[in-house]
Structure formats: C-alpha cells, structure tokens
Amino acid sequence: MLKTISPLIPPTLLKVLAEMGHGDEIIFSDAHFPAHSLGPQVIRADGLSVSDLLRAIIPLFELDSYAPPLVMMAAVEGDTLDPSVEARYRDALSLEAPCPDIVRIDRYAFYERAQKAFAIVITGECAKYGNILLKKGVTP
C-alpha cells in the first residue's frame, strides 16, 4: 500500500500511468467495450465505475493542454446520450483543475483511437456510451 494513492487504482494501472508519455492516450471503458479485440494492453478494473477511477487517478495524471485531452463516443444516429454520464465524469475530472471540454467522436473513430491507445481499462461501468479517452500532458 502506498500513502496518498487511492487503493482503487490497480497496481498494473499505476505502472501504466507512470510509463505513459505526453501525448499518449488511455481509454477508461464501460463493461461492454470490445477492449480485448482492439489490440493494446488491457487492464481489468471490474466492479469500479469509470467516475470512481477518474477521481482516483486525476491527482496523478496531467491532462494534455495542447490538444483536446478528453474524448467520448457520440451517440449512434437514432440513439440518445444520458447527460448524467458526462456530468459524473466532468465532476470527477474537476477535482484538480477545471475540466476541459469533452469532444465527441463517432463510434468507429473512437475504436480507431482505442486501437492506438497506450492501454484500455475495462471497468464495471454499465452506462451506455460510458467510455472516455484521456490524453496525457506534460507534468509541470
């Protein structure tokens, strides 16, 4: 156990966060996301919500300030988004600094970004469109 680091962060995730460089991207996915078929390293965080993990890692993780650091999947045509999902994520990400805007991209563009991500963290999140990409910035 490490002091001041949330026990919600699995050791493998802590290692990945430390190994990431500026500009690297990580996905925090809902439980339904096809992470294992997309290619990058997969970390399991079953039983945890995305917002709980975001709240745990944001004190350790600098968001990119040169490019949009937050990306979520847009709803498929004819479907709807639950605005409370983004609101929960924004609240969690606002603990250290004001939360930057969240960019929405279509499902297949999100999958392409996920294939190139440093890692994908599968959570127990059950919210539809509950996936979020974080781009790492330079630590001041």
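Start at 1 and count along the chain as shown; that gives each residue its number.
Every residue, even glycine, has its Cβ placed from backbone N, Cα and C.
Annotation for HIS22 (active site, proton donor): spatial neighbours ASP64, LYS136, GLY137, VAL138, criterion Cβ-Cβ under 8 Å with sequence separation of six or more. Residues annotated as active site, proton donor in Swiss-Prot, with sequence analysis given as evidence: HIS22.
In sequence order, VAL50, THR123, GLU125, CYS126, ALA127, LYS128, TYR129, GLY130, ASN131 are the residues near ASP30 (substrate binding site), counting only same-chain partners six or more apart with C-beta under 8 A. Residues or ranges marked as substrate binding site by Swiss-Prot on the basis of sequence analysis: ASP30, ARG107, TYR129, GLY130, ASN131.
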Fewest-neighbour residue among binding-site residues, criterion Cβ within 10 Å, set TYR129, ASN131: TYR129
Cα-Cα distance maximum in Å, computed over every pair in ASP30, ARG107, TYR129, GLY130, ASN131 that the record assigns to substrate: 14
